[in-house]
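Worksheet: the structure to be examined is printed underneath.
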Amino acid sequence: MDTGEDIAPIAILMDELRSEDVQLRLNAIHSVPTIALALGPDRAREELVPFLQDSVDDEDEVLLALAEELGRNFEEYIGGKEYAHVLLGPLENLSAVEETLVRDKAAESITKVAAVLSQAQLEEYYIPLLKRLSQGEWFTSRTSSAALYAAVYANVSPAIQDDLRKGFAALGSDDTPMVRRAAAKWLGPLLTHFAPQHVVSDGLPIYRRLQSDDQDSVRLLTVEDLIAIAQRMSPAEVKEQLLKQIRHSIGDKSWRVRYMAANHFNELADAVGAELVREELTGQYVQLLKDNEAEVRTAAAGQIPGFSKLLDKDVILARIVPCVRDLSQDTSQHVRAALANQISGLAPLLGKDSTIEHLLPLFLHLLKDDFPEVRLNIISKLETVNNVIGIELLSETLLPAIVELAEDKSWRVRQAIIEYIPLLANQLGKPFFDEQLGNLCMSWLGDTVFSIREAATVNLKRLTEVFGVEWAKVQIVPKVMGMGQHPNYLFRMTTVQAITTIVPSLDLDIVRSEIIDPLLQLASDPIPNIRFNVSKSLEVLAIAYGGTPAGVEFVQTRIVPPLEQQKNDPDADVRYFAARALQKALAVS
């Protein structure tokens with residue numbers, strides 16, 4: 001082979017990586033696997049990897065792409081797992097650059113490489129790299145090193161494990177807050193690999209040091225470490241060793257730490273055991289629900305049903321329900337929205353009588369909230385309450401509020417109500433539904449917002465499935481078809497779209513007697529949009545009913561001729577949809 005061709009791939013890469021154009025350099029990095037393949041394993045190891053190791057003086061996005069490529073099973077291009085350690089060189093350099101994204105991606109790729117290294121390779125190549133990064137002069141390399149301990153701790157000898165624990169402890173008391181923050185972030189994953197005695201002898205001191213850090217950005221990350229340690233200890237050990245720290249985190253002077261504690265409260269409660277929940281955490285949780293920062297109250301409100309599952313009913317009534325009552329009147333809409341999303345979860349825990357007495361008034365109050373999201377969250381979770389108190393009571397107390405919301409000025413609230421209607425209909429029964437909600441369902445077809453009109457047509461289809469075809473023939477079809485004569489084209493359009501949606505749930509007799517004639521009148525509507533929607537509707541009719549002899553005859557006599565006519569329409573869209581529908585109609589007939 002000509003030597004000129006032989007060196008071409010790496011020469012091209014060098015040229016492209018020296019290009020002024022960042023995009024060219026990025027493309028070059030993404031083509032590195034192809035170049036490695038062209039060079040073969042030996043040359044990729046001896047020439048390409050050293051070249052990449054020297055290429056760390058570039059734009060951040062190029063370095064990020066390089067860090068990512070080297071973590072994508074790149075060892076396959078350089079001779080397999082036994083040579084995977086060669087990749088650690090360029091990745092080590094990338095772990096020390098200034099840009100956080102690049103360092104994080106490099107650390108992630110190093111852990112991927114570690115997964116394919118043997119114990120001998122780990123001890124010969126990976127551990128020295130880890131020590132160099134952990135003791136690096138710049139905080140950037142020390143920060144990256146924190147992420148690299150957990151990946152290999154379980155796969156090295158006990159003597160090296162001792163060194164790793166000491167190395168990580170040094171990161172936990174580093175002078176630079178960024179390094180301590182990284183140590184706090186990665187302590188939890190590392191603890192899962194510690195032997196039980198080392199959790200207490202080594203893990204606990206590192207955690208305590210970080211948990212009392214003067215930077216709140218470090219302390220907030222220790223909440224997850226606390227859960228990881230608690231999961232590895234018995235309830236008695238938790239009480240003896242961690243109670244002080246639990247109190248500190250929940251009562252921290254920084255709201256961000258309290259927010260993290262509130263956000264992970266259920267995990268913490270699960271980890272510490274029932275006795276401590278009863279004695280200690282219930283009081284602490286109430287404290288978070290009454291916190292003076294809205295963000296903390298929002299996070300705590302999100303944990304209400306999960307935490308209440310761990311409590312007895314009388315404790316929920318005595319301690320949690322009063323807080324829920326206060327939160328339903330909270331000044332922050334976000335707190336009320338979080339509460340509205342979760343409050344229904346208390347109903348199964350409290351049972352029918354207590355739900356009626358304590359929660360129903362709060363549901364009604366939240367259903368009338370000024371903020372749409374609060375109302376939306378309550379509506380979407382009503383099913384849970386219905387299972388507890390029964391539909392009669394629910395409809396009696398909440399139906400007036402639901403009817404009011406059906407005309408809400410926020411269309412998203414109207415949409416949520418529409419989606420809930422079939423469920424309500426199923427539980428209310430026909431007579432009650434027709435009397436209370438029938439007209440409401442039809443009024444949505446004339447809504448000013450398209451999404452509501454669309455949701456209303458789907459709603460009618462679902463109602464037909466609930467109440468049956470005969471009900472639809474009397475209650476729905478005449479009203480829908482009547483809108484086809486409306487002077488406003490949007491109402492006529494809604495008729496066509498409603499037919500298209502509902503037709504598969506009806507039967508051929510109703511289509512013949514009630515639907516096809518008014519629909520074909522709309523085929524000559526002056527508005528092209530309506531004409532081509534009629535074509536779509538005819539297509540659906542043909543597919544829905546073309547499977548029976550009577551249906552085939554119906555398609556041939558009533559659907560094919562108007563489509564033949566529409567094929568010559570002056571509007572291109574109408575011609576297109578008519579031709580498509582005709583093709584389907586002829587296929588079924």
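Residue numbers in this text run from 1 along the chain shown.
Including glycine, each Cβ sits where the backbone N, Cα and C put it.
Quick look at what TrEMBL lists:
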REPEAT    87-125  repeat 'HEAT'
REPEAT    203-241  repeat 'HEAT'
REPEAT    242-280  repeat 'HEAT'
REPEAT    281-319  repeat 'HEAT'
REPEAT    320-358  repeat 'HEAT'
REPEAT    359-397  repeat 'HEAT'
DOMAIN    362-508  domain 'Phosphatase 2A Regulatory Subunit A helical'
REPEAT    398-436  repeat 'HEAT'
REPEAT    559-589  repeat 'HEAT'
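For the repeat 'HEAT' (320-358), the list of distant contacts is 285-286, 289-290, 294-295, 297-299, 301-309, 311, 313, 365-366, 369-371, 373-378, 381-382, 384-385, 387-390, 393: same-chain residues at least six beyond its ends, Cβ to Cβ under 8 Å. Across the range of the repeat 'HEAT' (359-397), the DSSP-based residue counts are 33 helix, 0 strand, 6 coil. Mean predicted confidence for the repeat 'HEAT' (559-589): the pLDDT average there is 84. Long-range contacts of the repeat 'HEAT' (398-436) within the same chain: residues 360, 363-364, 367-368, 372, 375-376, 379-380, 382-383, 386, 391, 444, 447, 449, 451-452, 455-456, 459, 462-463, 465-467, 471, 475, each at least 6 residues beyond the stretch ends and with a Cβ under 8 Å from a Cβ of the stretch. Taken through DSSP, the repeat 'HEAT' (87-125) splits into 30 helix, 0 strand, 9 coil. Secondary structure of the repeat 'HEAT' (559-589) per DSSP, as helix, strand and coil residue counts: 25 helix, 0 strand, 6 coil.
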